[in-house]
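Visitor: From TrEMBL, for reference:
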type: DOMAIN; residues: 558-793; note: domain 'ABC transporter'
type: TRANSMEM; residues: 29-48; note: transmembrane segment
type: TRANSMEM; residues: 292-310; note: transmembrane segment
type: TRANSMEM; residues: 331-356; note: transmembrane segment
type: TRANSMEM; residues: 368-388; note: transmembrane segment
type: TRANSMEM; residues: 400-423; note: transmembrane segment
type: TRANSMEM; residues: 429-448; note: transmembrane segment
type: TRANSMEM; residues: 469-487; note: transmembrane segment
Amino acid sequence: MEEAKETRKSYQIRALFRKSAVMQLRQKGTNFCQIITPIFCLLLVYLMKEIAQSQIKDTNDAVILETVPRILNPPLVPNYLLYNLIGLKIDDCEQWYYYDFETNDPETHEFVGTLTGEYFDTNNSTSTGLLGQIPNYFCRSNVKQNPYFARPESTINQDIFDTIKVMNDNPIYNKQSIYGSFLPDGAVTFYSANKTSLKYKAQINDHRFQAYHRNNGVTKLNYPSGGVNSTGYSSILTITDGMLTLIDMIHQALFRSLFNDTEIMTLIQYMPIKFHETAELNRLLNIMGASLYPIALSLLLPVFMYSVVLEKEEKLQDFMKMNGMRIANYWLVNFIFDFIVYSLTIVTFMIFGVFVVQLQYFTQTNGLLVVIVLVGWGISQISLAFFIQVFINKARTATIWGYLLSIWTVLWGITLNLAVYPIPQRLPGYLFMYPHFAMTRAIYILSYNCGYYKCVEEFSEVDDELKDCIVSLYVAGTVILIIALYLNEIVPREFGVAKHPLFFLKRKKPIERNPNLLESSDEIGDVYATELIDEDQQVKEERHLVYNLQGSYSAYPLVVKDIRKIYKGKAGRPDKIAVKRMCLKINEGELFGLLGPNGAGKTTLISMLTGLYKPDGGNAWIGGFDIINELDQVQLVMGVCPQFDILWPELTVYEHLLFYARLKGIPPSDEHNRVQLAMKDVYLTQFKNLKTNELSGGMRRRLSVAISLVGNPKIVFLDEPTTGLDPENRRQLWDILANCKEGKAMVLTTHSMEEADVLCSRIAIVNEGVLRCIGPQVVLKSLYGGGYHLFINCQKPSHHSSEDQEEIVDQVKDFVKNVLPAAIILSEFNGNLIYQIPLGCCKVSSIFSEFEQNKLKIGIADWGISQSSLEDVFMRVIGAD
């Protein structure tokens, strides 16, 4: 049994995969866009590269730029002498710093100490600890402002940034000191400090504008500014110099604190750096790539969503389930196929980037690392598509939302990377929960390294944030996929049956049941018995047979027991009962006709039996499996020809039949023979290579019938299968159905009384959701047909006188009344009379004798007698309601 399941699973996976492959290959426009979009983004970056390089001619001949002015690049000298070398005088230096603690450890506070008061040098200070050893001979006491070397009441940044707006709104010129509080030149935060270790964080004011608050001699960058002094440069140091100076100041204080005023001379000298103009170009290209690559790799999301939502919208997904498809196989194949499509796109993307445009991101970054990032993004993107499609039922809507989400979230991610959380800041971890942000951040980190440092060439160079991005892509992709598959089972939708939220906790019932269980489980039968007294005798007998079945349900192709369906009323309207406690039993080899007017409940009944709708009460068993708890098994043993054709426009006749043959588990060695036979049976062999959108309506109906018969199911539901067929093809299809019913049962719904009369062995008439009558046609005609119909055509008078015509008609009426006293006239028009003759009132042979002997004498031109038709039965049963 398990081996058979695995075999069928492999057949279904093969069928679904080949179907998807054929359809994908025929979507040439979509395929072209999938390939050209990433190539276009790469070409855009490449074009920028070529334009920029054309301006600097040859990279090898690029001009070497001096990174620092000559005045700031003296030979090896003590760092504090730089102040004098660049033109600053000691009494012009106005600098101060914040000191703060990130610990309440008493030992740390005592060791660091305090730095208070206003003074020119440390000899007059009341300061203690390490801070008391910091030299202050660079600064003038008369410009020191409060707080001076004091621990702030709140965080450092709060005090710093509250001042920035005031400074920006009111420019303060060089050496002008008018505010009671200035931005600090630096800040030091101590985490731990003792005689054996020192842990702290140093920060430097990196504001670059001249005349911001003063020339502090430490923190401002160099830039040309004519008129400041004779050198043509502002008298300031670089950020790096400032940071080194601050660190050296702390360390010198530490040495003096520990070793009794010991001083170690620190020397600084700039090392020559070859800086080409192409470095700035590479930065620009890599940042541009960090913006364009995510967009190029995100536009497959709407493609993945569209294919699934289209099959849901056109009922193809549910129709495949009716024909035995396991939903797990469906999602597995869609995931694998989407990933293959995605893989082809990124392979094209990588090959083009490495060998054609030869951008630094592709040629110097570790290739395996890039692949790991892209594979994680592919998994996340497909999972996200499966998740979003749960809430969308229209393919067009899916496409629109897919593109909006892709572009909008990628642009949002790029903004976060470049403007809100640029390196070295970290993106908040909770944002990694959404795959687009993790993907854009990973590409941004790799591109940034290529532009500003060097590309990540080894896994040992991967930083923690990039690791978090990669892990998030795989974890989020897996979690989203699980949630998507779960929601797809429990979220109500327009078609199909939603499962209970805890469906995975339910235990499967055994397929075979104890025959004694049939009677013990019929408690609803006794309850309903008194409510159904008005049922016709044949319907009561059918219900009694269902309540008292002998043996297992698996012995019958179909057993329907007290099934019912209620549609909830909307806008204050009452509920509509579509099917009321219907009971049926259909045997093998039987072609059962289900008749009724529009809205009678026929389609609703079949929809419940095939799994489109969930019953509100009762149950049904198909091949021994109940439709509520074992719907997956039910759909493996039945075939369906829907009322409206459910077909893929892009697939041919042959491909449709081959797909469903594979889906139903026909072995590969026999599948092509079965398909050829099915096409021959419905006369579609010569049209096998036509796509379904090229077929006529009648051909599509025949194809739907052929699909329902492929796979030799135990029961076939035929919902008006001959709709749209011409008389010749209709007769041919009748022959096909009559020949194919052996070994299976068929349920036929139709509005053609002739079709039902010719094909069906038993017929049931349904109206207002209730089974009104059931039985063979002959029995129904005898019970509801009213006997025979007599048709009389009176002779026309030679001179066309109306008086003579009426005289002839009256003479014929008198004759019929004498011969058939119980006959009832049904209609009279222009000399044509129709009578109904009740059963048992006379012999048919005597009627023939009397009419043949007297027809010329009394003025009968023609006459005939026939048994009541099925249409008469139908009209009488429906009319009685």
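Using the three backbone atoms N, Cα and C, a Cβ is placed for every residue, glycine included.
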Visitor: How about the transmembrane segment (29-48) and the transmembrane segment (331-356): do they have 3 or more C-beta pairs under 8 A, pairs 6 or more apart in sequence?
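Guide: Taking Cβ pairs at least 6 residues apart, the transmembrane segment (331-356) and the transmembrane segment (29-48) are in contact, with 3 or more under 8 Å.
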Visitor: Determine which recorded stretch among 292-310, 400-423, 429-448, 469-487 has the most C-beta pairs below 8 angstroms with the transmembrane segment (368-388).
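Guide: Per the Cβ count, the answer is 469-487.
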Visitor: Can you name the far-off residues of the same chain, 6+ from the ends of the transmembrane segment (400-423), with a Cβ under 8 Å from a Cβ of it?
Guide: 287, 290-291, 294-295, 298-299, 301-306, 385, 388, 392, 431, 434, 436-437, 439-441, 444-445, 448, 452
Visitor: Quick test of the contact rule: Cβ under 8 Å, at least six residues beyond the ends. What residues does that give for the transmembrane segment (292-310)?
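Guide: Residues 20, 23, 30, 33-34, 37-38, 40-42, 44-45, 316-317, 334, 338, 341-342, 345-346, 349, 361, 374, 377, 381-382, 384-386, 388-389, 392-395, 397-403, 405-407, 409-411, 413-414, 436, 439-440, 443, 447 contact the transmembrane segment (292-310) from elsewhere in the chain.
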Visitor: Looking only at residues six or more beyond either end of the transmembrane segment (429-448), which have a C-beta under 8 A from one in the stretch?
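Guide: Cβ under 8 Å, 6 or more out: 286-287, 289-290, 293-294, 297-298, 361, 365, 369-370, 373, 376-377, 380-381, 383-384, 406, 409-410, 412-414, 416-418, 423, 455-456, 463, 465-466, 468-470, 472-473, 476-477, 480.
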Visitor: Take every residue in the domain 'ABC transporter' (558-793), average their pLDDT values, and give the whole-number result.
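Guide: That stretch averages a pLDDT of 86.
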